[in-house]
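**Q** Below are the structure tokens for one structure; questions will follow.
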Amino acid sequence: MQIPSVEVALDAFLSHQPYPIAIGWHCLILSTAKYALKIAYWSALFIGIARLAGYRLPRGCWRPLESRTLMEYFNRFHYYFKELLVDFFFVPTFFTMFRSYPRLRMFFATFMAAGVGNALWHFLRQIDSVAKMGLVGAIESFTSYLFYCAVLATGIGISQVRASVGIRPPTSIFGRLYSILFVWSFVVCLHVFGGEAFTHTLLERLLFMASLFGVA
């Protein structure tokens, strides 16, 4: 049986003809894998061209499947996009806000980069939707991605704070596998909200996600 896309599975769920739960999880995992491969492919292509031109640039996507924390995932998955967010959002926030509260300072700066900066970047990429739907309509269609950015930034911020106070992931084989499984379970579950096709509302995506756990 052909595995449908997440958007097709969402449409089927909303039309009261949902796919079996196993198929829903399969399409979500496959969609996450395709997105990861897409990022890896394009980053490798551009970095390869730059290296042929003589620039010794680090890879843009470096073994994200080995990530044991969300912070590590963010650093490995899309390195240059992360660096862009760090330069324009993390650094200015870190050096100006909450100087007397180091943990809050670290969390807030990380949230500004992974959350606000991420959301702003992707909203501006879809700026033509403002002309089509108006500002209010464009923002309403973007609420699912705003939720995605908020949850992702919160997770990465907590991971960053834990690392800054010396909390490290376990080094045993079982501990490493557990950490990797936790990170990618988080990424897969969150992926349903991060699609750039803004045809489904946040509530619809929440209900679909709940259905994969047998709730809705």
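Every residue gets a Cβ built from N, Cα and C, even glycine.
TrEMBL: automatically predicted annotations, no manual curation.
Taken from TrEMBL, the feature transmembrane segment applies to 39-58, 79-98, 104-124, 145-165, 177-199.
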**Q** Under an 8 Å Cβ to Cβ limit, what residues of the same chain, 6 or more beyond the ends of the transmembrane segment (177-199), are close to it?
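**A** Result: 6-7, 10, 28-29, 31-32, 35, 65-70, 72-73, 122, 125-126, 129, 141-142, 144-145, 147-148, 151-152, 155, 169-170, 205, 208-209.
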**Q** Mind checking which residues reach the transmembrane segment (145-165)? Cβ under 8 Å, same chain, six or more beyond either end.
**A** 69-74, 102-103, 106-108, 110-111, 113-116, 118-119, 122-123, 186, 190, 193-194, 196, 198, 202
